[in-house]
Amino acid sequence: MNFDGLDPGMGEYPPNLHGTMDAGLEPSMDPHLNPNLLQGVELDPEGLAVTVPEQVHLMEGMFSELHSAVSEVGIPVTATHFDLQEEMLWMGNHRGHVTSFFGPTMGRHSSFQAHATDDVRHIQSLETGVLFLSKCNLKCHTRGGLVMFDFPMDEGADMHSLLMTDNNTLLMGGLQNYAVEVDLNTVQETQKFNVEVPGVAIMRQTSRFFFCGHTSGKITLRDLRSFKTEHEFDAFSGSLSDFDVHGNLLAACGFSSRGMNGLACDRFLMVYDLRMMRAVTPLQVHVDPLFLRFIPTYTSRLAIISQTGQCQFCEPTGLANVADIFHVNTVGQLLMSFDVSSSKQALAFGDSGGCVHLWSDAPEVSFNDYSRETDFALPCLVDTLPQLDWNHDLLPLSLIPMPLTSTEQLLSDWPTALATPSPRRAPPADPEILRTMKTVGFIGYAANPRTRPRNQVPYKIKDVELDYDNYNQVPESPIGRDEEPHLYMVPKKYRKVTIKYSKLGLEDFDFKHYNRTLFAGLEPHIPNAYCNCMIQVLYFLEPIRCLVQNHLCQKEFCLACELGFLFHMLDLSRGDPCQASNFLRAFRTIPEASALGLILADSDEQTGKARLGRLIQSWNRFILTQLHQETQEQEGPQAYRGASSSSLGSSGESAIGKLFGCEVENSSLCRCGKETVRSSLTLLFTMHYPEQNSQEKTIKEYDFAEILKKSICLEQSTQAWCENCEKYQPTVQTRNIRCLPDVLVINCEVNSAKEAEFWKVQAEDACNMEGFTFDTKAEDLRHVWIPLTLKMSISKSQGLEISSWPEGEELSAAEEEEGAALYDLVVTVSHVLDARTGGNLVAHIKVGETYHQRKEGVTHQQWYLFNDFLIEPIDKFSKHTCVLESAGHPVKCIELPAHVLLFASVKNPIDASVLLTEASLARKQRKSHATFIPLMVSEMPQAGDLVGLDAEFVTLNQEEAELRSDGTKSTIKPSQMSVARITCVRGQGPNEGVPFIDDYISTQEQVVDYLTQYSGIKPGDLDAKISSKHLTTLKSTYLKLRFLIDTGVRFVGHGLQKDFRVINLLVLKDQVIDTVYLFHLPRKRMISLRFLAWYFLDLSIQGETHDSIEDARTALQLYRKFLELSRGGGTDEVRKVLKGLYEKGRQMDWKVPESETGDGQGSPKSAAVFPSVMGL
């Protein structure tokens, strides 16, 4: 480069301008960076820029470097912007971090993370904040860093530029086929304009046009209102780099195509006259232009910037002068961004090394002609603090100013390269808080037990947590990690059960080996399936089963509705396991469940880190409260599109409250004598254990009834507000119950080593032995700590009385008149500790006569062990072995009174109204796009009618598998599928083959694979904002299928077993006609629908993608063909035809030919082996 004619002073700097780095900071530098990058910049611990010494000479009218600053060393600066309201310079880097510098001295004003990972591509300042654009997100922050709004883009967006069209409207463009207009007042997308591929990379605006620069090298002039193209300039044959507009001139720089050599930077600037809409003489420059801007200070000067840091000024209609070139000292780094201040007095350059260079043509530079005052962070007010009372107990020590006695740097001042943030986890909540917590809705309130100093957290959190969790760990064997002491060996039926998957999935897994009863288990591989045991508990409580099966509402995610659907499947099953996938899907959408920590991550479930004991107790409290709220909500006169409202739960009073609720009287007595009494309804009680005296090494023996009474009628002292004293005073809080609940639910709260030891001691004392294991005989457990029957009564004189009661004995007439009641133990849920798997939850349930009558036709009661899909009858005493000792601790105990049992009948609340026409959730769906015709009243299906069915699915979680040493694959966890489209077609009548259901199912969960090749579902089809399909909720379509199943129709389809499994429906075998089994020979492969359609029907289907309407119609036609074969020649003829089918399949390698030819590869429907199909 020739620098002849340049002022010699512009290239000479005083020696003291090039400061050296502190020796202590040298190791923090990136070894790949040139140390000269930091010349002229001194990095203090905050990364502030150092002011330029006064010796620097700036010539008026000539641009020279004023300051340089570093935000993050080595991170390229991808965007720079001069604030249009204040004297600030903004920069954003490749990692999404932004920094602002104040004034010409470039003192750091603010620094924060605008985007998590994506680079900042454009910055625009507003009156109230600053906009930061990344690839697929637009954020607005205050100048101090607070988030004002976050606007995510559509999937697949690749934004590059934004343009303020007025004060409240923003236009964004990028490398996609549309530009988006956003209203900043409502933060909503107002319009979307279609543009040509490859999209808009740069945008400018004048009073006449929008100017859009494309990477293809073209510049389009668009109408300000309609965004339609008015004119087009084909500027460069390769690609466009930058352009700018001023007055009647448009100047652009870019790259030209050089044939096989690719693209080359073009040193000719294209200049266009906007009055005549034609090009004028190109302007030749002496640098390789990457950026250009008009700087019309005196004339319409152009600043042309190269990537290597060379800058040239020239007139757009004149010749470029070599003397007008200066060089930005980037020390080998490349320029990545460039901006000009609104006053045209300052230039900013951002390079790939993380530096921002400020150039100016005057020493006293101002970025704007009129700038408002900038707000700064408040200074430290240590000197003005009031006098501190050293003897005050609650005085925070952090308020006491400490003098700096050393010249060394504080640890908080170290640069980020030398320090790694290591946040400390908060300690677990005090168990005393959890015990005394009272819930109002989903908010818990508890008195402060004052076991820790206020606003202080101990530093040794890890040691505290280790001590806290010791009870939950099984000690390692002294022999080895794989071998465990005999005391902790868990029998097989109590261990965590897993499903072994094969090539056929679940078809060859023997569930009967684990369950020889007719009751249905639940599959455990679904996320958050830890609650399977509690679902079984709710199912075997007859009033709850009837309540939820009678319940039906319009809420999309209602746990009571989903439980009703699940219980219906459990009723129909004859020993085959079910899965609670739809219930758990709705459970994951409840905000309160997430807030309570009930939604587990997959990693926690797989590694066994979840505290299942505490978790299932919280889940118990949550589900009772949720069902109580959902069943007491007032519904309209019609619960669901004309369905008769439920007989339970529609009167405003919850059946859950009637069944589990207990009216509780809470009184607070202040020492001044003021007593406050409040009444509330509680659905369960929590066990409270006596405090152990620290001087006593042994735990006393207690009666279970005594502990239970003290837990229900709780008395404790705590600090509370007294309105009489008008301050917090020590108060005595007592709780008493006014009536006995029908069902008594107890959370045993064994959450620490202290409670676990208490239970262990009580069990040993009750059994009069040092300890026992799973091998303990039943006759040794006649006197266990938990009684099988309790007697409870409330009297005015004695209050609540609880005592153990001999099993099988009845109350006397006098005791019944006094209101006494007997409670039988019917359920225990226990946490089985197993160091190898992390443990699991099991339930012991006393199944009543009505369930045995429905399933087995006998009337008796029996205890069963429920361990997911393992169900086994057990002795009534053997459960105590698990509950009291080897399995750890009882998580929850449910007791059902033997004196009152009111059972309601189940009336199906689903009627034909669910098949009526419904509105689509999709905004863009049109009636002309409808792919189905709903059933008329005269077409309502009857028992035995045929319905063609097909469903398409998407993947939510990928399959987890491992390779064995022999090269075979073992599936650990199957892929999690979600139904995306369900189609039903008429199977008879004049409209046979016409769909009456074709629903796309909206999903709120993230889809990892749309399986478009096999499902025909494309991204956006399930999004209500952009979908053009008939979009519904899963619950809406589920009700339609349930009505068809309950009506007794017969479904015809191909592979319906998987379809019903993913939809989470249980259909009786005599209602399913599956063509995959109709055209199948034993011990042979299953044949695809496409091959069957080609062979029998001469149809070519599933060409590029699958279509569920086409598949359902084809399955119906194949069934008709099968009936023709059966009627024509009987079983022997069908078998002969199937042999010909398999022979043809082997010849064709089971592939359908692309087109019919005369070489004998066509459909063999006229072949001699197929005589009975002739002429069909």
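Keep in mind that glycine also has a Cβ here, set from the backbone N, Cα and C atoms.
The divalent metal cation binding site feature in TrEMBL is assigned to D950, E952, D1059, D1111. Per TrEMBL, domain 'USP' is recorded for 520-906.
Taken as a whole, the domain 'USP' (520-906) shows an average pLDDT of 77 in this prediction. Same-chain neighbours of the divalent metal cation site beyond D950, E952, D1059, D1111, judged by a C-beta within 8 angstroms of the site's C-beta center, are, in sequence order, L949, A951, R981, I982, T983, G1053, H1054, G1055, H1106, S1108, A1112.
Taking the Cβ of E952 (divalent metal cation binding site) as centre and 10 Å as the limit, one finds 25 other Cβ atoms among all the protein chains shown. Note on the binding-site residues D950, D1059, D1111: the fewest other CB atoms within 10 A surround the CB of D1059.
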